[in-house]
Every structure is written in C-alpha cells, then in structure tokens.
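Copied over from TrEMBL:
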TRANSMEM  75-94  transmembrane segment
TRANSMEM  531-552  transmembrane segment
TRANSMEM  573-590  transmembrane segment
TRANSMEM  610-629  transmembrane segment
TRANSMEM  636-657  transmembrane segment
TRANSMEM  669-688  transmembrane segment
TRANSMEM  695-713  transmembrane segment
TRANSMEM  741-760  transmembrane segment
TRANSMEM  772-791  transmembrane segment
TRANSMEM  811-833  transmembrane segment
REGION    847-869  region 'Disordered'
TRANSMEM  1019-1039  transmembrane segment
TRANSMEM  1051-1071  transmembrane segment
Amino acid sequence: MRTRRSLNSIRQAALGAQSQLQNSSTISTATTLHLAGKKEDEEPEIKLASAHSPDPEVRKRNLFQQRAFKFSHSLLVLLLLFFVFLHGVGLFLFTKGFLLTRLVLSEKSSCDISPLGSGVNWKGGDIAKGCWHPKTFNKAVVIVIDALRYDFTVPFGSEEDNSTGVRQFHNAFTTPHAIASKHPRNAILLPFIADPPTTTLQRLKGLTTGTLPTFIDAGSNFAGQVIDEDNLISQLKAVGKRTAFMGDDTWMALFPGLFEGDMEYPYESLNVWDLHTVDNGVNEHIFPLLHSANASRWDVLIGHYLGVDHAGHRYGPDHFAMREKLVQMNGVIEKLVESIDDDTLLVAMGDHGMDPKGDHGGESQGELEAALWMYSKKPVFGEFPAGLDPDGGDYSGPPGARSVAQIDLVPTLSLLLGLPIPFNNLGAPIVEAFYGKGGVPGWKNLVDVSRLTAAQIKRYQAEYSGKNGEEVEGIESINSIWDTAYQKLSNVQKLGRKAQVADWQNVFIEFSNYQSETLRACRNVWARFDLVSMAAGVTVLAGSVAVVAVYARGFTGDYTEITDTLLTRMAKGLGVGAVISVVDGIIARAERFGIPSLGQLLGLSPLRMLLLAGSLGTIIGFFSATHYARRRLASLLPNSGWGALCLVFTLAHSLIFGSNSFTIWEDKILTYFLATFGFVALLSSQRLDTVKRALGTYHSIVFLFLVRLSSISRLCREEQIPFCESTFYSSASSSVSAPRTLVILFIMALGLPSIIGSYYRHTNSYSGPAPVYIGFGFRLGLLLSALYWALDSADNGNWIPDLPEGVLKPLKTTVGQIVIAMGLLAGNLAYAYSSVCLDVRLEDPLASQPAPSPDDDDEDVAPPPQSSKPIVRLLGASNLHGSRYFMLLVSWCLALILLQKPMGGASMGLLLWQILSLLELLHTLSLSDSAIGPVILGILGNSHFFSTGHQATLSSIQWESAFIPFSTIRYPWSPMLVIANSIGPQLLTALAVPLVALWKAPPTVTETLGKTAKAVTTHILYHSVITLGAVACAGHLRRHLMLYRIFSPRFMLGGVVLLAVDAVILLVVMWGTRVSFLSVGELFGY
C-alpha cells in the first residue's frame, strides 16, 4: 500500500476525532462521519472503515475486500484484452482482403533482349548508342521540387491561369514557362497528373517504375520500403551509369546501394517545420558536381527539394514563405540552365501538388496536378501535333492545354537516355519529347517509341496474368487493338517512302490506344478484393459487437461476479479454435492424403486461419458461458426513452456510411445528435423537483451552448465546398492559425481552471490536491501551451524581423517539452501518489445549530436537541471517486491541448467543459446506469474530431504535430504524437467514461467497479458498432466511384479510433480507476 502524506493527515484527523468521541463514550467502535459534499441532497452518514482503524475486525475486513477488489479488477483487464483481440483480428482480416497490394513481378528488362520478340528484325542492344532506341542524351539532371503544383509555374493573367485574384505564389516561378513559350523546340511545360494517393513515397514509386500505387501504400509514408521491381534507377546501374543523389532521404530507403557512395547526400524529409536545410544541402552539392572539373564523375544527377512542400504544410500556398521558396527554386532553375551542356537533359518536376491549405494525400485537382518541365540546349522537342486526339481530349492549343500522366515519364526518360523501359511500366512516351520537327520523320519516331512501349506492356501483361492465374478483363478486345496496330504498321512499311503523315499517325494512334486500354484494364484488376478474408473480418467484428453488447447491457447485478466464468469459457474457446486451426494446417501439409483443408477451401493463409478459428472459438466460448449465467441475463432492447435514444444515435451513425453524402457531412450530423440530446435533457429536467429542475435546465443550456460554440470551428473537406466555409485556419487557402485564436488560448488558460474549480466546489471537493493540481498546475500548463503557439505564430509571421533566424524554434520546442512533461509525466505521477480531494472539519455541535428566531414566541415549539458530541465533517466525500479520477483527465487534456493547433486546443478545452456539464446532467437525471452517458461521450469525441481541424481524409492529417516537442523525427514518439493529434478528442472522451459511474458516487456505494465496467464496455460497444458500420459499408461499396476518396479513409479512421480507444481504456483507464479505488478504499473500504 502506498504511503501518502496528505492522505495520512486526513486519516489522522479522522482517527483523532474518533478518539475524542470514544473518550466521551458516545460510540465505541466506529465514528459517525457527516459527508458535507452534496449541497442539494440530505447529508448522509457513513462508518469509517480505514485499513488503519483501531478495530482489528475493521482492518481484517478491509484487507479482504482490498484483495477481492484487486482480483476483480485484474479479471476485468483480462476480459478487455479479449475484446481488443477480437477487434484486432476482425480489422486485420478485413484489411488484408480489402486493401490489396498488387502482385510485384521480379522480372527485369534487359538491354540485349528486345520486347518485340525474336521474330522482329531488331538492331538495338548497344549500350553506347541506346539499348532499344537511339538515345538523345548521354546525361540527365533530374530535379524534383516536392509539391510543385502546375499553377505555380503559370504566369498570373495568362490563358492557362484560372485564378481570380493575385496570390503569393503567382509570378514567382517564371523561368520554365518563359523558356517553354519562347523556345518550344528546347523546352516543354505540361501539367503532370499523379495517381492517388498523393504522398511522396508513392509518387516516387510511380515516377521510377511506371506502375500504379494501391491505397494501402499511403500508410507507409513514414518509412519507405525497398523497391524490388524494375525501375529507372536500377536500369541506370545495370548499364553502368553513375547516379548521384542529394535531398529527400526517402530515396535512400527505396533504392539502397544504387547511388554512388561518394555522391549521395540524403537529408531528413519529414520535418515540415524546416524549410531550408534540405534545399540548401542540395544546392551545396549539386552545383559543384555540375562544374566541368567533375563532369566525368556522374551520368545522372538527382536532386529532391522539399522547401515548397514544407512551406505548404506549414503556411499554405498563399503565404510569403511560399513565395520566397518559389523565388529560390526559380533561381535554381536559372542556374541549372546555365550549368548544363548540350548533351545533358534537364528535367524539373513536382511529385504532386497541394490543396488550398498546402496539404496533400487525396484526389483533389490541386493535389493531383503537378508540373513537368523538360529542357535541352539543343532543339530536340516538338510541339504537340494540332488536332491529334488519341484519348478523346482536345489537345490543340497553347502549351499546357494538355496533361500527361506521371507514369509517362518512365518510358520517356528511358528511351531518351538509351535505357530499357522498366518491365512493370504502364506509361506512354510523351509525344513532345520524340516528335521533333514533325513530318514523316517525327511520326515515324513516335511510332517506333510507342511500339516499343506497347510491346513491353504486352510482355508485362502476359507475365502478370500467368503468375496471377487470371487473365486481364477484356484482354481479347485489347489484343485485337494490338493486332490492328501491327497490321497497319505492316501496311505502312510496305508503302515505303510513299507512306504519308496520316498513315504513320494512324499506326501511332493504334499503339497509343493499346497502351491506354491496357492501363485501364490494369486499374480494374488491381481493384479486386479478397471477399473471403473480408467476410471473415466482418464476421469477427460482428461477433465482437454481439459479445460486448451482451456483457455491457445484457446482464443484471454486479458485473464483477460473472467475469471469471466468462473468462474461463472464452479462454477454452480460444484454445479449441487454435487446436482446430493447427489440425487444419497439418491436413494442408499432408498432400498425400488428397484431402483439402478448410483453409485451402476458403483460400486463407495459415495465419489468417489461426486468427479466424481462435476468434470464433472465443466468441462461441463467451456465449456458452451465458448459459450458466442465464438467470442474470436481461433483454438487450431498451426499456426506457433514453435507451431508445441511445440505440437510434448509434445505429443511425453506423448506417450513414452507406451514403457518400451522409459520410461527407458526418460532422453536421453529429452536431444534430448532440443538440438533440441536450434538448431532450432540457425537457426531461422539467419533470424533476425544483432544485433538480433548475440544475438540469442550467446544465442542459450550457451543454447546448457548448455544442453550438464548438461547431464554429470547422475545416471543410473538398466535397463540402461551396456549402461549407472553413474557420479553423486564418483563411481557406492557409494552414496558419489566425492570431485571434491565440487570444482564445490565453483566455482559456485563465478561465477553464476556474470553471473546473466551480464544479468541484459544488460538491465541496476543491480541497486537498485539487487547488494545486487544477488551480495552479493546469493553469500554468495552459499558459505555457498558449505561449508555445504564440512563439510559433511569431516565427511563422516574422513578427520580430530583427530577431536572428533559429532563435524562436528551440525556445518553443523547449516550452512544448515542458508542457508534455507536465501533462503526461508529472501529471500521472501526481495522480498516482496524491491524496483524495477531501477535507476534514471538526465542528462544535452547539455552535453549528441555528439560533432561535427572535420573532418566534410560540411556546409549543420544542427547543432543538442539545448535544456536546463533536461533529466530524468530511468535505468532498460525496464525490470522492469522481473528483479523484477527474484529475487524470485534466493532466491528459493538457498534453492533448498542446498537440492541437490553436483552434483545436480551444475545442479541446470546450470538450473538457462539456464532459463536466454532461456528468452533471447524468447525475441530475439519474442516468449514471444508462447507456446514454457512454454513447454521448463517444459522439462528443467524434464531433470534436472535426472541430479540431480534421476530416476523414489523408490530406487533413496534421503531420507537423510530430515536431511540437522535437526538432527531428523520433521513433516511436513521432507517429504517436500524430495519432494523439488526430484522435485526441476520442482519447479524452474514452478517458472520461469511468466518470459516468464515479461522478458524485459516494464511497459507500457498492458495486462501483461493476458499474464502471458497464460504462466502459458500453463506450467500447458504441465505437465497435460505428467501426463495423464503416467496415461493412466500405466492403459493400467496394466498386463505388468514391471508394478510395470517401469510404476507405472513413473505414481506416474507424479502425484506428477503435483500437486506440481499446488501448487507452486498457492501459490508462484501468490503471486510473485502480489508483482511484485503492486510495478511496484506504479510508472507506471497498
């Protein structure tokens, strides 16, 4: 048992009072203590049951109850572990079937093997002259300007610019457009369309392999994996080209060992606060290599600049910092143009664009549309032939009127440098790069390169179908295009010199059609799903919902009494399922018996079969245990209006994911749910007595006011525009917070602790550690958090121009570390070792009795009873559990407020206030045992997810939160900080769930642990149903046009939230309730 100095002082005061009373012969074994805590109720009396009581029977009984509590608590933790297991398995199985990765082929293209086949007269295979096609350049300088959106390169006011007003990014990066317009034979500038997801790592894969990404690849943006398939960098290495690299260190993870060891200079890429280190490092190394003295050291230079991308993430595109970076990049391009020779190709491009706030990862036009600029000092390029329309678009017009896919860069660079086209490529050669002066020679060259590209794609398609065991859908019609193209080519070759431009043009169109149709078919192939694995995942998740529902709402009485029976049966079910899976695996390996195993019939791997069998066994084991507890079973259907409202909210929320419109407007729907609850609570309060009616009315109005106030903060997703206006940042085209939000943070720092203190004072609980914990520590932490964001704004806005660069950054990082330490380290330690919020007063009974009224001369009125017995008042005992546990919530809220942007921090403060208001409503309306409390907490968490500047989209992830307490990436802390920023409201409401049972629950209330378990599992049930709805709808709508834009991100968010809530409840909530129960139990028993 821990020793707490303040707790001992309370105990000694109480025992001292008891000793006085025993000396006066009033009572002999236990002291009668008056709880001065619930001002609106009659003052109760309790018996002191301290472990340090002088009565040995009391000590013995208390020790026994303490051991029983610890045992019951441990069983509850084990049961929650089983729930987490079921959730994890269900999500794992569904994800494995839903987010498929395409089959990666290991085959490599070779310089000496023609893609045209052995029956073709082929004169290639010469590395010096070009492997498959005569090379145009010996060297190349490839510059990736991360997040270079196409409109950054277009002069403001030109025909290609669609902007309505001057922005900071206008007319800052002008050189590429100027050269392409003035010298079209030397340079081309085109919109460069990326395939979603628009994260850097996936774009680099597409830019070097020519393949399409799958959605699951977006989750690996924190740490890249080696690219095993054929790619441009490996082809450069294979033909003996020396490649130098400098910039984003993602390249080093993707292509280890492929760059020259003495010419590779990687820099950390994920620190979005740093706008200059990477760019300056690239400039430091690239220009010396371009000097004529170093020309023989390299064949290809690759530089990856990150400043534009980081400026977008930090400030948004419409900020002077973005203009500074674009001006710097313009200077870099000018210097590169001057530095290269006639035999060197210069390529500058963006890997993706950005949305109006500077983020990326999704599918909006701004995110997908990057820029591609190719330059040569010798006139080798050609303008796109007027009227040519291979894909059904209008490509005639000024430069930039047509766009090219990013995967088209792969065959283009390969053929220009004389390399084989990577085996897995699906892109087409860029017409302008091979058309030259036009005429018959230009069209003939286009036919040659398009034929080579189409032949390689045909070879890839045949190999993929063979290894995958399935033919590409529509392969017969696609092959007929190939046959037509070859037939037309044969006819043109027979014409010889008599062949006209139109003849060659028709052949080129056929080969281009073959490439585009194959690309379309491959997109469809890679949208296939493993329906068995998906169905298994949904089944396990549905089973987990049933299990949690029965445990949370299907039993009567004390829940701790049946936990051991449930655990025993579930463990046995898990073991039986595992044994069945092992036997099934043995059958699968014993091929000589010729008996297919169940896993083989279902098409599941041994691991998936093991998890599925174990999960189903656990679920069956749970329901077999309910047979033994059938007398405790109750109906799961609601038996009150509040229960029905709970069911409506939960089911309605889970079903909205079947509609893309409802999913898009989820934030508004949740606001309506909360407003409905507040209005119903207001009406219900009118049926109570006078005091409770006033309290219920007041807290209902406060709750409704806070719902409305929090809904003001919003970040609109692209699909909501123009019906939504973002208020989270200073403007819709910025990712910088408005200065006025800093004022809100400072006001919150001064006012929020006082508001919390007023709720504590209502139950006389603002005593013991509460004034220091809330009035001083929490207020100081909030002030430091506001100071952090003030320093950040000063740094972003250059408020102090004369201050040297780099002074504010380490200062604010230190402040962030202090706040995190206060909230998570000092806060948790203080919570673990502090006393309860209790004060002891010894009062004179005669002095405490009211004096008789001077106007009262009624002789029949009996005088008040006189007693010399002192009264021991325990101030705050009526809310001992609630006031104790809420301090844990305060410390975690402090850290979560810091991790949010200023507007998000204000929203978190409102959430903490709303939680208190909700707890008062639940107590006033006697709903502590109802499901409405845990469900409303779940809705509150999901609602504030949106008001803290988030949406169920990849582009809304606030990656910069990883750098609040650190200056660099730190594993595993950086990803954890991003998660805490993203789902902080859900984590805070999960922490608050035990308060539904503990708030204003006096220490004498029995079955408190069981009621806490009921509340906690009801909250888990809510999130389980929501996640099941998102998963099931994503699976059902797997062919929907908006699958990867709307439904997939929402299912992924639901899975992350469910597992995070499970983890927080298992690790933090269970620890927090244990500490609270033990500290209260030392005084009043268990």
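Note: Cβ is positioned from N, Cα and C throughout, glycine not excepted.
Note: TrEMBL annotation is automatic and uncurated.
Note that the structure is predicted; figures quoted are calculated from it, not measured.
Counting C-beta pairs under 8 angstroms (sequence separation of 6 or more), the transmembrane segment (1019-1039) fails to reach the transmembrane segment (741-760), with fewer than 3 such pairs. The stretches the transmembrane segment (531-552) and the transmembrane segment (772-791) do not meet in space: the count of Cβ pairs below 8 angstroms, excluding pairs fewer than 6 apart in sequence, stays at fewer than three. When Cβ-Cβ distances below 8 Å are used as the criterion, the transmembrane segment (811-833) is approached by residues 2, 4, 769, 773, 777, 780-781, 784-785, 787-788, 791-792, 795, 887-888, 890-896, 898, 963-967, 1072, 1075 of the same chain, each at least six residues removed from its ends.
Using the rule of three or more Cβ pairs under 8 Å, pairs at least 6 apart in sequence, the transmembrane segment (636-657) is not in contact with the transmembrane segment (610-629). Tertiary neighbourhood of the transmembrane segment (772-791): same-chain residues 737, 741-742, 745-746, 748-750, 752-754, 756-757, 760, 766, 808, 811-812, 815-816, 818-819, 822-823, 826-827, 830, 834, 887, 890-891, 894, 897-898, 901-902, 905, 909, 964, selected by CB-CB distance under 8 Å and a gap of 6+ residues from either end. Taking every listed stretch (75-94, 573-590, 610-629) in turn, the largest tally of C-beta pairs under 8 A with the transmembrane segment (1051-1071) is reached by 75-94. Distant neighbours of the transmembrane segment (610-629): 82, 85-86, 89-90, 92-93, 536, 539-540, 543-544, 546-547, 550-551, 554-555, 562, 565-566, 568-578, 580-582, 584-585, 604; these residues of the same chain sit at least 6 beyond its ends, with a Cβ under 8 Å from one of its Cβ atoms.
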